[in-house]
Each structure stands twice: as structure tokens, then as C-alpha cells.
Amino acid sequence: MPIDYSKWKDIEVSDDEDDTHPNIDTPSLFRWRHQARLERMAEKKMEQEKIDKEKGTTSKKMEELEKKLAAADVTDKSDIQKQIDEVKAQEEAWRKKEAELEEKERLEPWNVDTIGHEAFSTSRINKITEKKPQAPKTDEEDTHAMSTFFETHESLLEKMAVLKNGAKSTELFLAEHPHMASEYTANWLTIEALNAAIDFNEEKMKTMAEQCIIIQYLLELSKSLNAVATNTTVQKQFFKKFEAAEPVYMKHYQDEVKAFEDRLRTRAQTKRDAAMEEAEAEEKAERMKSAPGGIDPQEVFEQLPEEMRKCFEAHDIEALKGVAQKMDEEVFKYHFDRCIASGLWVPGKADDDDDDEEAAPAEEEPTTSS
């Protein structure tokens, strides 16, 4: 398909291409011509703005008249219709003027002021400091660095732990202490929020959980920008976006906070259960350590037949003798031997003539596990 060059044939690329008389001051002439052209362009712009304004006014007036016509009585409709016809005529007149202006502009040769136009416009801000690559730390180095951070900034961390009002209070806090926007801060808040959950301190846990999520969001933004979170420009940009966030994003944020709180509660329950099991295991080990036969006295006591258990609870030796006479000998002997091995029964000096089950000298007594 051949290219049509006709629209470029009359372009006024430069005024200095015109021939002028030798006695005429060429630079001054060019300046005058250019000034006159700019004035004509300004007049056309004002005319276009006037047309746009009048068109808007007539359109608005037309809408109002149409509403009146729909709600008017039969007697008023003819008057309103006349007004509508007048407005339509005005509207048509402005359309014709606009068409004439467009045609005039189309036929006018291009010049140095109209040959180009702004395709797009951008704004630039100071470049955010890029995050410098760092050598990865070993687990030991990272743990030491985190411990040092906790000790150095203990007072600031404790202040951050009680911040209310969500992101607004975080923004004010970081404005004074931008260096606290750190992964270690998020770690400290997580640890302390978990401790609060273990202690059933819901309010404290929720406060720190929200602060932790805010810091993590800030860290994610800085990572996406390949910048450091301690950069004040990054922080301002983050909180500006946070404040202007749409409801759907705020709901996502709130859901994230609640989910984190639930994870903390679940983890706290697991920690409590584990601590209880550990304490019970230590107590059991201590009891077994003091038992003559290395058997847990509490476990032995809980496994005793009910009638024997009652005798030990009441420290009633006579009743225990009665149980020994009624119970199957092998069964009684099995449990009685376990009582001796666990320390529930402390044997004394028995009479040689009495049976083992019936021996109950002054030195021997049944004991119960607490």
C-alpha cells in the first residue's frame, strides 16, 4: 500500500526557511511571527473551551427540562416543549461551531509548536536506596545478631509491644525509630505474642500480633522494591498506601491478623500441653528415683484394686489385712509387692510367726502418693 505524504507537504517546520528582504531584521521578524501564531493558538483554545462549557450548560439544561416535561401538567407541557426546542437549537449551533473549529484546525499547516504532542507524562521521585547484597549468615551468626538486637533495643521493643490504633501508631513510632523496621523486630513480637497467648493474655497477644503483621507487610514491600525496610521513603510509601487501601485489601489484612492470632493460640496450647507433660515426666522420674524398686508410686496406686486403694487412702492396716484374707492370694501378692517396690508400703521388722500379708509391726505403715 503506497504511503500518502500529502499531509506533510505543507508543514511549517521552521520560520527561518522563509525568504526575507536583506534590509529586514530576520530574527525580529521570526519572533513577531511566532508570537502572533501563539496568540492565534491561545484564541482558538479559549474558543474551544467556551464551546465545551456552553455544550455542557445546554446538556444540563436539556436534562432539567426533560424532567420537568415528564412531571408537568398538560397545560405546562407546551411551554416546556418550546424551551426544549430552543435549547436543542442552541446545542446544534454549538455543534456547528465546534465542527468549523475542527475543520479549520485540520486544514491549518503544522508548525514547530503543533507538530509534536505529549504522548505520555511521567513523574519521577528520588530513587529508593537499593538493598546491597549481603553475605548469608550462618544460623549461629544470625542467632547471635538477633540476640544482640533484642538486648540493644529492649526498651523500644517493649514500647512497640503496647502500641494501639494499628498502623497509625506504628507509623508514628517508626518515624522516630526507622531502624526498628527489622525482621528481628517481627521475631521478637512473635515470641512475646506467643508468651502472652500461653499466659492467656488475649489483649496483649492481639496488640503484638497486629504490630507483627504490619512490620511483615512493610518488610515484604521493601523486598519487592529491592530496598531496605529502614529507608524512610519506603516507610512513608508503605503507610501512604496502607491508609488509602481499598476495603477489599483491608479485609484481607484483618483476616491475616486474625489467622495469625489463631495460629498463636494453637501454638500456645501445644506449648502448654508439652510443658505439662514435661513437668509430669520430671515428677514421675523424681518419684521413681526415690522408690526402692524404681516403680512410680502414683502409677502403682492408681492401678490398685479399689478395696486396697481405700485402705491406703485411710492408712488403715487392719482393713488391709481384711482385704488380704478375702482377695485372691496371687492378685493381692502382685499388688502388694508393687506397693513395696514403689515405696507405698514401707516394710518394718515382721514377726517370724506371722504371714507376710498379715505382718503389721509398729515400724511399717502404708503411705499414699500425693
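A Cβ is built for glycine as well, from the same backbone N, Cα and C atoms used for every other residue.
Per Swiss-Prot, the range carrying the annotation region 'Disordered' out of 41-63, 133-155 is 41-63.
Swiss-Prot lists region 'Disordered' at one of the ranges 72-96, 97-121, 272-296, namely 272-296. Listed as Cβ neighbours of the region 'Disordered' (41-63) (distance under 8 Å, sequence separation of 6 or more from its ends, same chain) are residues 84, 87-88, 90-91, 94-95, 97-98, 101, 104-105, 113-114.
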